[in-house]
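Below you'll find the structure, written out as structure tokens, and then a few comments.
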């Protein structure tokens with residue numbers, strides 16, 4: 001039995017990605033659009049990483065998490081966008097079995113890590129606003145560095161298990177993935193075996209990496225809003241609320257994108273590019289310190305060029 005399953009799995013050496021095969025006239029338009037979005041994403045997140053490293057005023061827990069978020073967004077887009085762009089230009093849109101597994105792991109792991117990281121950032125904002133006197137003690141480097149590392153470790157570990165379970169399934173000839181990338185649900189549909197274990201493990205992972213962070217973020221902001229409303233000065237209330245407005249916006253966009261992508265089973269839009277594109281814009285436009293640091297970096301570079 002094991003030998004037969006191994007032979008069935010070995011029979012599929014590559015997958016075919018449909019993407020926009022049914023609409024070839026749109027491929028060049030989408031290629032240009034997604035390429036531009038990808039370049040802006042790399043530039044925006046790269047600048048944020050550089051600024052938070054070079055500017056000593058930004059050596060704070062919030063910007064450390066933001067630097068991790070920017071690097072994560074670069075990794076997420078790099079795991080899928082080059083594949084999408086390549087498929088727009090080539091006639092035979094194939095990907096080797098092993099490359100499909102790697103791409104699935106990277107994109108899924110980055111998504112799971114971002115869920116946890118956004119929860120960590122909510123905790124950071126909660127401590128800064130609700131417990132400002134204890135904030136330096138609780139959010140020391142000895143605390144926030146392991147918090148960020150645990151986000152990466154937790155996301156990568158669970159997705160390693162999900163990917164391993166998916167790629168061990170037997171695929172009996174049907175190798176056409178109705179998607180732009182090796183999206184795990186699209187790949188599971190091609191398996192010629194019972195995928196109930198995969199579905200159960202994915203549901204548990206979604207509860208842990210989607211449900212728990214969402215609840216954590218929700219209750220963090222309940223306490224944050226309650227604290228802000230107790231501030232007597234309207235000006236101070238507005239200033240305090242602005243401190244976490246960028247994080248709120250990033251959370252809403254991230255989870256709305258996930259709901260749109262997975263709430264529609266037949267949806268195969270490359271919307272995963274949107275959140276990494278918007279994050280650096282959100283955090284630079286809605287954060288005075290980050291905006292000033294970016295402006296200073298640009299001014300310094302301009303002087304050197306002159």
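Heads up, the Cβ atoms here are built off N, Cα and C, so glycines get one too.
No curator has checked TrEMBL annotations; they are predicted automatically.
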For which of the residue intervals 175-196, 241-262, 263-284 does TrEMBL record transmembrane segment?
241-262
Which range is it, out of 6-29, 30-53, that shows up in TrEMBL as transmembrane segment?
30-53
Determine which residues of the chain contact the transmembrane segment (105-123) at the Cβ level, with the cut-off under 8 Å and only residues 6 or more beyond its ends counted.
62, 65-66, 68-69, 72-73, 75-76, 79-80, 144, 147-148, 150-152, 154-156, 158-160, 162-163, 181, 183-184, 205, 209-210, 212-213, 216-217, 220-221, 247, 250-251, 254, 258, 272
